[in-house]
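Heads up, the thing below is written out as structure tokens.
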Amino acid sequence: MVKICCIGAGYVGGPTMAVIALKCPAIEVVVVDISVARIAAWNSDQLPIYEPGLDDVVKQCRGRNLFFSTDIEKHVREADIIFVSVNTPTKTRGLGAGKAADLTYWESAARMIADVSKSDKIVVEKSTVPVKTAEAIEKILTHNSKGIRYQILSNPEFLAEGTAIQDLFNPDRVLIGGRETPEGRKAVQALKQVYANWVPEDRILTTNLWSAELSKLAANAFLAQRISSVNAISALCEATGANVAEVGYAVGKDSRIGPKFLNASVGFGGSCFQKDILNLVYICQCNGLPEVANYWKQVIKINDYQKSRFVNRVVASMFNTVAGKKIAVLGFAFKKDTGDTRETPAIDVCKGLLGDKAKISIYDPQVTEDQIQRDLAMNKFDWDHPVHLQPMSPTAVKAVSVTWDAYEATKGAHAVCILTEWDEFRKLDYAKIYESMQKPAFIFDGRNVVDPEELREMGFIVYSIGKPLDPWLKDMPAVA
């Protein structure tokens with residue numbers, strides 16, 4: 001029986017291993033993590049992450065051929081294939097601070113594998129890592145090998161949160177990169193056989209190590225670039241009276257471009273886009289390619305610009321001050337159908353409003369108050385370290401309250417900011433919300449989920465990103 005062990009029980013390790021266990025009943029899959037609380041949650045009825053369809057998959061396999069454990073060394077020792085999906089945060093100090101990936105967790109995982117292994121292993125990079133990480137890991141393993149042979153593969157994940165289980169069941173492609181040696185090819189073949197249990201042969205791509213590592217960074221950079229492109233156009237639409245939804249639709253009708261990722265918004269979030277682009281920028285700089293580095297850096301600059309533009313628009317519209325005013329924030333996750341708040345634009349928007357002394361009331365159907373308070377008190381990039389290494393639970397931000405009901409959040413508010421496109425926000429009773437708000441009542445729609453005309457008829461002053469401006473907003477220009 002092939003044994004697989006995955007180090008890291010997060011958004012990547014958990015769902016990926018659960019699906020491998022479901023699709024490969026003959027393989028024993030163990031997910032290990034140093035966090036006792038996280039493993040306990042994976043073994044309970046309340047899984048540590050929210051992902052549609054994940055519960056069913058885990059319940060079908062758990063205890064049969066899918067196990068969650070904190071006994072890392074035992075399971076690493078017994079495994080034939082070891083997946084590593086640990087955090088690779090952006091460095092906050094030292095060489096490459098603010099750009100380079102911090103491989104501390106990766107390196108300690110590799111050293112631990114070398115320490116405990118008694119038989120040959122295939123070690124698979126699952127975390128998003130900078131190009132050439134495999135080479136570094138290989139060196140650590142071979143210098144500590146005690147005669148044991150290791151093959152390093154890169155098998156980047158291409159999951160989108162909210163649809164991760166579907167993405168795993170029916171992937172566009174599975175990418176496996178390995179050394180171009182006889183042993184390397186054999187290792188690639190072994191991993192390919194695991195996926196071949198449910199993925200058609202023509203969707204399993206094999207490349208060299210560096211191509212696989214770089215393909216992941218490049219794919220995320222291309223996706224983020226599309227969002228920044230449409231967001232840049234949204235600013236021009238507001239200035240000229242064009243409608244970004246119409247422009248995006250027209251552009252996306254070109255089959256060479258296609259319709260996906262062309263919705264203007266308050267900005268992109270998530271654990272990968274910004275991190276991967278910063279990483280790409282750093283790698284370009286290290287390889288003496290400043291022009292390429294600056295090109296990709298611009299994608300992040302437009303994203304930051306979009307968030308600050310949104311905050312400026314809110315403040316400028318409300319007589320240039322939000323001090324002491326209650327502002328309702330609907331949605332805190334970085335996108336719908338996930339409870340994930342990593343790098344969510346809501347953090348920067350809320351911090352911007354708090355900087356202007358606003359009082360904020362937040363409602364998100366999947367994000368806990370504890371998480372929101374942590375996010376607002378944390379420094380940039382802190383979120384990407386294991387919880388026990390994050391700063392201790394911060395003093396709560398006094399000007400922020402978290403409710404479990406959209407109507408409660410909006411009661412008595414001067415303005416509503418919609419920052420996540422949860423489906424339920426399309427169906428709210430906005431007439432009821434209008435009644436309970438201070439007047440003039442503002443709606444700032446950062447995700448274009450509401451119909452601005454309909455709301456204006458109710459009496460709202462509405463700002464929708466990239467849509468023609470309300471006369472009110474034209475009189476109160478937001479100067480960045």
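Along the chain as shown, the residues are counted starting at 1.
Any Cβ shown, glycine's included, is placed from N, Cα and C.
Per TrEMBL, these features apply:
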ACT_SITE  CYS272  active site, nucleophile
BINDING   8-13, ASP33, ARG38, 86-90, 127-128, GLU161, 272-275, ARG342  NAD(+) binding site
DOMAIN    328-452  domain 'UDP-glucose/GDP-mannose dehydrogenase C-terminal'
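Note: the Cα of GLY8 (NAD(+) binding site) and the Cα of CYS272 (active site, nucleophile) are spaced 16 Å from each other. Listed in sequence order, THR128, ASN220 are the same-chain residues at least 6 apart in sequence whose CB falls under 8 Å from the CB of the residue listed as 'active site, nucleophile'. Within 10 Å of the C-beta of TYR11 (NAD(+) binding site) we count 22 further C-beta atoms, all protein chains included. Of all the binding-site residues given, namely ASN87, GLN274, the one with the smallest number of surrounding CB atoms inside 10 A is ASN87. Counting only same-chain residues at least 6 apart in sequence, those with a Cβ under 8 Å from the Cβ of ASP33 (NAD(+) binding site) are ILE7, GLY8, ALA9, GLY10, GLY13, ILE39, PHE68, THR70, ILE72. If you draw a 10 Å sphere around the CB of THR90 (NAD(+) binding site), it holds 20 other CB atoms from the protein chains shown. Summarising model confidence by region, the domain 'UDP-glucose/GDP-mannose dehydrogenase C-terminal' (328-452) averages a pLDDT of 91. The Cβ of GLU161 (NAD(+) binding site) lies under 8 Å from the Cβ of TYR11, GLU51, GLY270, LYS335, ASP337, THR338, ASP340, each on the same chain and at least six residues away in sequence. Secondary structure of the domain 'UDP-glucose/GDP-mannose dehydrogenase C-terminal' (328-452), assigned with DSSP and counted as helix (H, G, I), strand (E, B) and coil, comes to 43 helix, 20 strand, 62 coil.
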